[in-house]
């Protein structure tokens, strides 16, 4: 290729690059909650820390207990391949005043939050994690899972746990007791933890009705009395209890795009190891980045293809012309 054709090709490449639109950085958007999606409301102020929910969860999901031995408060307060649901306690100072920041303590229930737009689903390369299109429950398929554990890194709540002792490998997380082989919800039952909670600290229902109930509680006057329901809002099983001073925030309404497990507390949620997250879901953010990268890759490839065709054509013309014209 002579100098004239080289300059011509370079100029055309620059024009092609300038003519192509720049990569769009349109803001990612949250996926809307599935209408009627199922979830739980956990009211930390009602929890008595009995761990009945933990035991029931293990009875349903792990009939063979952790081989490390009997579970007690000291070794059963962390999520593991043998425990999908746990109760942790936070303390401050002397730790004698329930749901108080000063010299107080509070309980927190930990399990999969069933995010509205879950990042674990977004990052899974083989779709071993899927969000049920009707219930919104995040389900796991062990037969598809490759054990890459991307979901463990992606989860902002550090929920999925991998069983390294299983020769085939397996992930464990809460599926609201409706996974294949259990299907309590499909059979008309309740998640085990909801069924056995004596204080109604965790109740089951649609995200919409649970959110309405949570906001109703936040509007109650501290010191007044309220009929708190057990199991579900429509169970008819309620008990009269003094309204605490709630921390004025419903966790899970907007955090990370929203969750189907909602939390009310009497102390700042940061104290209970609930992460502070942006309103934009992690799933939406990661997918937007992926799509932007893929779109961005196409532009330089298109330019490169155009330049390649132009160079090949000019090279062929050079052969026909008999070589360089030696212009300076």
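Cβ from N, Cα, C; glycine included.
The candidate list 145, 148, 155 contains one residue that Swiss-Prot assigns to the [4Fe-4S] cluster 3 site with 112, 115, 120, namely 155. Binding of [4Fe-4S] cluster 2 is attributed by Swiss-Prot to 174, 177, 193, and within the candidate set 57, 124, 151 the record adds 57 to that site. All protein chains shown were included, and the count of other CB atoms within 10 Å of the CB of residue 193 ([4Fe-4S] cluster 2 binding site) stands at 27. Counting every protein chain shown, the number of other Cβ atoms lying within 10 Å of the Cβ of residue 124 ([4Fe-4S] cluster 4 binding site) is 22.
Within 8 A of the CB centroid of the [4Fe-4S] cluster 3 site residues 112, 115, 120, 155, the other residues of that chain are 113, 114, 118, 119, 121, 129, 138, 151, 154, 156, 157, 159, 160, 173. Put simply, 174 is the one of the binding-site residues 50, 174, 193, 197 whose Cα lies nearest to the Cα of residue 112 ([4Fe-4S] cluster 3 binding site). Put simply, of the binding-site residues 47, 115, 124, 155, the one whose Cα is nearest the Cα of residue 193 ([4Fe-4S] cluster 2 binding site) is 47. Here the C-alpha separation of residue 57 ([4Fe-4S] cluster 2 binding site) and residue 197 ([4Fe-4S] cluster 1 binding site) works out to 11 Å.
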